[in-house]
Amino acid sequence: MWVLGIDTSCDDTGVGLVRDGEVVVNLVASQVRLHEAFGGVVPELASREHLKALPLLVERALAEAGLRPKDLDLVAATRGPGLIGALLVGYTFAKGMAFALERPFYAIHHLEGHIAAAWPEGLTPPFLALVASGGHTHLYEVLDLGRYRLLGATRDDAAGEAFDKVARLLGLGFPGGPEVERLAEEAEEAIPFPVPLRGQEGYDFSFSGLKTKALHLVEKGLPKAALAKGFQEAAIAHLAEVVLKAAKDTGHRVLLVAGGVAANRALQERFKEAGLKVYFPPKGLSQDNGAMIALAAWRRYKGGFPPSPLSLGATAYWPLEEA
Ligand code: KG4
Ligand code: ZN
């Protein structure tokens, strides 16, 4: 059974093909260079670029898998959350394909896609899922597919966003996560950063204090590698402390870590030492992509969820608990 998954929620055009739950093709066309000069994603530019890239990417994905469009059994796309103009491109394209091919269509929540990317076959809920990306830092209790309880979220910046901003302060490129990670590896010693929200009641996250601290240290002219290492250590310690507190309080022993930040090796090491059973997405599936959307649709199909009506629109705002 072949599933086509499309994600155009932000500035990456993602097209994936999944066969019986296995990722066969996963193509991502990044718009990073396009938006670079503006210092952030320009929504209208992103939409136009998706329009140009998407048909070509779908054609290429099908060619790589040796498929014709009518070989597809299911079509899925990200319905939200994200930039509405960007979402609409992939979502409408996918609905058009499903209609023309007379195949079921699945409207997928972007974060369910991230979670599906880290969710190994055979693992049954409940478990915890941390989604840490450029736009989200959310901790969920996954009670079942389609049943999520939000335990905590960031009060300010997302984890990936903090990496990106600190990278910029350090004069590094975008996306900042991998750059900060590389620079941190060059440092012998870390400049200590205070770990945010220690001793809090709930399971919230906060990264803006770390960013401000980094700014002050850069202004003082302190060594950049030690600074990068200190920031990274505190960010990871913060994520780990909140998640471990939630694991202790809820009794869950299984954790999925998903989203772009899950690719960070120091973070992976930290969570592996935590005494929980931890799963990360395979290489290439942590950042935004289409295969994760196909994986989520495949799970929904197998789980007996009905396909989505083609009359359902895309939406910029959509809590995962309502997916
Ligand atoms: O999931 P993703 O591709 O897009 C969003 O949905 O936002 O996540 C991108 C974010 C960026 O902020 C990027 O800096 C961060 O993930 N990231 C990392 C690493 N690789 C990507 N952060 C820390 N360490 C990394 N190795
Ligand atoms: Zn994402």
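Using N, Cα and C of the backbone, Cβ positions are placed for all residues, glycine too.
Automatic, uncurated: that is what TrEMBL annotation is.
Here is what TrEMBL records for this protein:
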{"type": "DOMAIN", "residues": "23-294", "note": "domain 'Gcp-like'"}
{"type": "BINDING", "residues": "His110, His114, Asp288", "note": "Fe cation binding site"}
{"type": "BINDING", "residues": "Val131, Ala132, Ser133, Gly134, Gly135, Asp164, Gly177, Glu181, Asn264", "note": "substrate binding site"}
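The structure, with features from TrEMBL marked on it.
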residue	record	DSSP class
His110	Fe cation binding site	helix
Val131	substrate binding site	strand
Gly177	substrate binding site	helix
Asn264	substrate binding site	coil
Asp288	Fe cation binding site	coil
- Filter the binding-site residues Val131, Gly135, Asn264, Asp288 down to those with CB closer than 6 A to an atom of ligand 1; keep them in sequence order. Gly135, Asn264, Asp288
- Message: Using CB atoms and a 10 A radius, I'd like the single residue among the binding-site residues Ser133, Asn264 with the highest neighbour count.
- Response: Asn264
- Message: I need the nearest neighbour of His114 (Fe cation binding site) among the binding-site residues Val131, Ser133, Gly135, Asn264, using C-alpha distances.
- Response: Val131
- Quick note, His110 (Fe cation binding site) and Val131 (substrate binding site): C-alpha atoms separated, nearest Å, by 11
- Item | Val131 (substrate binding site) to Asp288 (Fe cation binding site) - Cα separation in whole Å | 12
- Task: Show which residues of the chain containing Gly177 (substrate binding site), separated from it by at least 6 in sequence, have their CB under 8 Å from its CB.
- Result: Gly160, Phe163, Asp164, Ala167, Gly260, Val261, Ala263, Asn264
- Cα-Cα separation of Ser133 (substrate binding site) and Asp288 (Fe cation binding site), in Å? 9
- Densest Cβ neighbourhood among His110, His114 (binding-site residues), 10 Å radius: His114
- If you draw a 10 Å sphere on the Cβ of Val131 (substrate binding site), how many other Cβ atoms land inside? 28
- Filter the binding-site residues Val131, Ser133, Gly177, Asn264, Asp288 down to those with CB closer than 6 A to an atom of ligand 2; keep them in sequence order. Ser133, Asp288
- Between the C-alpha atoms of Asp288 (Fe cation binding site) and Gly135 (substrate binding site), the distance in angstrom, to the nearest integer, is 11
- If we count other C-beta atoms within 10 Å, could you say which of the binding-site residues Gly135, Asp288 has the fewest? Gly135
- Message: Between the two most separated Cα atoms in Val131, Ala132, Ser133, Gly134, Gly135, Asp164, Gly177, Glu181, Asn264, the residues recorded as binding substrate, what distance in Å do you get?
- Response: 19
